[in-house]
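Noted in TrEMBL for the protein shown:
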TRANSMEM  20-44  transmembrane segment
DOMAIN    37-263  domain 'G-protein coupled receptors family 1 profile'
TRANSMEM  56-78  transmembrane segment
TRANSMEM  90-109  transmembrane segment
TRANSMEM  130-157  transmembrane segment
TRANSMEM  163-185  transmembrane segment
TRANSMEM  206-226  transmembrane segment
TRANSMEM  261-279  transmembrane segment
Amino acid sequence: MVTFNLTVPLSVDFSRPEDYLIFIFHILFATGSVLLAGSVVIGIMSTRALRSQNRFIFMLNTSISDTLTGCSVFYLGLFDVQEGYPSRNGTYYILPSFLGVNVLTFVFAQFDRYLAVCHPFFYKRYISRGVVIGVCALCWIYTYSILTVQSVVPVAFAAQMNAFGVIVLQVIVAVKVLMTIKLYMITRYQLSREAPGTDKESKKESLRIIVFVVICFLILWAPSFVNISVKYVTKNGLRFKNEATNLFAIMARFNALSTPALYIWGSPALRAAVWNSVWGKIFKRRKTRLYNSTGCLWSCEIREGRRENPQHHIASEKHEHRGLFNYLLK
């Protein structure tokens with residue numbers, strides 16, 4: 001098997017055509033997740049109007065986790081890694097647990113939207129921006145404190161803790177399903193009775209985003225969750241060669257791409273912030289480079305404030321246009 005740095009072998013040995021497809025897929029998926037989720041992080045961080053809203057703080061927290069999940073695929077998807085007890089070239093569940101942070105964040109985000117819509121006076125009085133930031137930090141602290149304990153105790157006890165974590169996860173998933181149904185009913189019936197206005201549209205948009213995101217998350221993550229539960233209960237379940245060929249784990253990690261995509265699709269304000277903060281600047285620079293490659297360097301000089309002699313630049317403008325015309329005729 002091909003090795004990297006003579007330590008960890010690659011996830012596939014390239015003996016079959018599908019090995020190349022698996023390897024290329026993970027590279028594209030990891031790159032796409034980092035770029036998309038990372039652009040959401042930059043868009044929210046660079047826009048004060050979004051940072052001041054609690055729902056975008058939850059989006060920021062999950063997008064940071066999704067960005068790190070995309071980065072983790074460069075290891076989990078490209079190298080021969082098997083998480084578990086015992087593991088093979090594993091990370092003690094450090095990299096896969098980014099999804100666990102999202103599970104907790106979505107639960108708190110659902111309760112946040114429920115209180116914001118159904119109990120607005122209580123929400124405005126007690127649920128401040130600091131409280132939401134503290135809750136997001138708690139999601140990270142709880143997830144990785146459990147992993148820290150599991151990494152220092154004996155393997156047998158760590159496996160028992162992992163099994164208990166699966167049970168807790170089942171309870172959390174049940175709560176997520178019930179809250180999704182509740183939020184859908186609120187969107188469908190309660191908001192329809194409110195008077196039209198910007199506040200109603202904002203509530204409707206936030207509820208629609210969280211409902212779609214959670215449903216998508218559960219659909220993609222459920223097969224892996226069921227398979228893990230079956231393996232712990234019956235010792236059966238499907239087993240894969242490594243994380244790169246684990247179809248259920250790939251589906252779960254696909255949330256790192258679908259979640260920020262749904263955020264951008266559902267929120268025009270976030271879409272504009274991402275474009276203005278990230279992609280608009282990138283494409284603007286590229287357009288400037290392409291324009292300059294045709295010989296129109298004078299336009300950049302005008303933008304930089306170096307147009308000191310108007311008559312000279314008018315003549316230069318005519319000359320450059322003439323040069324561009326001759327260049328296109330070639």
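Here the Cβ of each residue, glycine as well, is placed from N, Cα and C on the backbone.
Here the transmembrane segment (90-109) touches the transmembrane segment (206-226). Their Cβ atoms form 3 or more pairs under 8 Å, with each pair 6 or more residues apart. The average pLDDT the prediction assigns to the domain 'G-protein coupled receptors family 1 profile' (37-263) is 88.
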